[in-house]
Amino acid sequence: TSIFETAGVGQPAYATIGAGVVNTVFTLVSVFLVERAGRRTLHLLGLAGMCGCAILMTIALLLLERLPAMSYVSIVAIFGFVAFFEIGPGPIPWFIVAELFSQGPRPAAMAVAGFCNWTSNFIIGMGFQYIAXAMGPYVFLLFAVLLLAFFIFTFLKVPETR
């Protein structure tokens, strides 16, 4: 909700509900696409889309004072970010980890993946407000750079596992 408030959205609670709806819908979309498009392709698409949305969000926040309509662009960027997350980086890593490892080491690999996932979520959740206060409207560029790095890593190192 605070992200929507920063973006100048008049009713941030409704926008937050909208983000939840987008999250749910695109989780279902991912279920149907994963076998057709492939895990690696969806993961790359999701990372690229999230990176683009993070850049769009930065631009919208920078122009918000001069162009109040940028609050709508911010909503589109956030909804797009959530949608691309649910198409790729949300569910796909769990498929990849499960399919990269044979039956014996799979539980340990899944445990390490879960630990890394929840530790990262905790760090972002606890630190975002501080990073946002320090970086201002450029906070989403940090995410864009990280997403670009993850895209390059996935492109170069992660095989298709279906």
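Even glycines carry a Cβ here, placed using N, Cα and C.
What Swiss-Prot records for N23, E86, W94 is D-glucose binding site, and it gives similarity to another entry as the kind of evidence. According to Swiss-Prot, the feature topological domain 'Extracellular' maps to 1-13, 65-75, 129-135, an assignment based on sequence analysis. Positions annotated as topological domain 'Cytoplasmic' by Swiss-Prot: 35-43, 97-107, 157-162. Swiss-Prot lists 14-34, 44-64, 76-96, 108-128, 136-156 with the feature transmembrane segment, giving sequence analysis as the kind of evidence.
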Cβ contacts of E86 (D-glucose binding site) (under 8 Å, same chain, 6 or more positions away): V22, N23, F26, T27, V29, S30, G46
Residue distribution over DSSP helix, strand and coil in the topological domain 'Extracellular' (129-135): 7 helix, 0 strand, 0 coil
Chain residues outside the transmembrane segment (136-156) and at least six past its termini with a C-beta under 8 angstroms from it: 40, 43-44, 47-48, 50-51, 54-55, 57-58, 61-62, 64, 89, 128
Confidence summary (mean pLDDT) of the topological domain 'Extracellular' (65-75): 89
Most distant Cα pair in Å, residues N23, E86, W94 binding D-glucose: 17
For W94 (D-glucose binding site): intrachain residues, at least 6 apart, with Cβ closer than 8 Å: M110, A113
N23, E86, W94 excluded, remaining Cβ within 8 Å of their centroid (D-glucose): F26, T27, S30, F85, G90, P91
N23 (D-glucose binding site): secondary structure state under DSSP, collapsed to three categories: helix
